[in-house]
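**Student:** The annotation transmembrane segment is assigned in TrEMBL to B:28-51, B:63-89, B:101-122, B:142-164, B:184-204. The domain 'Heme-copper oxidase subunit III family profile' annotation in TrEMBL covers B:28-205.
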Amino acid sequence: MTENNTTDQLDYHKQKKKEEMKQQVITFVLMIVFTIIAFAMVQSDLDALFVIPIILVLAAIQVGFQLYYFMHMSHKGHELPALMFYGGVFTAFLCIIALAVLVWW
Amino acid sequence: MSDHDILNPKEMPHDPEKATLEGKNKFIGFWFFLGGETVLFASLFGTYLALRNSTNNGPSSEDLFGLGLVFIMTMLLLTSSLTSVYAMYHMKNNDFKKMQVWLGITVALGLAFLGCEIYEFYHYIHGYEFTFRSSAFGSAFYTLVGFHGGHVVFGLLWFIALMIRNAKRGLNLYNAPKYYIASLYWHFIDVVWVFIFTVVYLMGVL
């Protein structure tokens, strides 16, 4: 009985990992598509002020995919890593704003 | 049970990288380090953004950057990120050989990326005489992109060292966290590259 239970559990976990791997491949395809869109927009004759915000948003989405799917931040038990990483991101934001203001004021 | 038996259980737990206290500590500590790395790269990005138009009559970003090579480099690094995800998938299924093979592919892609970057810098230095000392733009560019390249070198050496050191050991609860953390580092390198190709190269030719 217990023997059966553990094999069932193993199968269940194996299936779960397989599904996750599938999600990660889909994520990868989306990231490739976003990259191609960003490069294509820059090559086109669109206005720079229109293109820049869009490619920055595309980059942010790609990084989100990378963090949540490839680096497993969507899994349980990532509260502390998220706190530390977003703490770093917040400081990074302040840092870029400060340097930009210093130069362009 | 001796230490050896504890680290080599008959059945691997579902998260081998976090099954031991040492593994848990490495996992938390490494994310802390990545938070710090984010700030480090932000300071370099901020400097680059501030100085990117200070070309000192030398070549500007429009003169230098070719998007073809950057596109190839992006694809190489993005694919190597996926192959290291495959390696971690096989780690969780306790398939050591397949994990090593996928890590080998990751290293090969990383080396190809590095080759492109060296070619790029060589081309700028010898084709355009654009060096670290040419202008404030040059210093900021080589510092930011070179620092990222340095991270790639370190990540490659890390993977190679792990693969050689554990080749005959196989996977256990002692080295699973090491592999997991090296792959996190590799993903972080790709995270930084996404912003480099967007902010430096794409915005540089607009």
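Using the three backbone atoms N, Cα and C, a Cβ is placed for every residue, glycine included.
Note that TrEMBL annotation is computational and uncurated.
Help me picture where these features are in the structure shown.
**Tutor:** Within the chain carrying the transmembrane segment (B:184-204), a Cβ under 8 angstroms from the stretch's Cβ atoms is held by residues 30-31, 34, 37, 41, 45, 48-49, 52, 61-62, 64-65, 67, 70, 73-74, 77-78, 80-81, 84, 106, 110, 141, 144-145, 148, 151-152, 155, 158-159, all 6 or more beyond its ends.
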**Student:** Where else in the chain does the transmembrane segment (B:142-164) make close Cβ contacts, counting only residues six or more beyond its ends and a cut-off under 8 Å?
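**Tutor:** Same-chain contacts beyond the flanks: 40-41, 44-45, 47-48, 100, 103-104, 106-107, 110-111, 113-114, 117, 121, 131-132, 175, 178-179, 182, 185-186, 189, 192-193, 196, 200.
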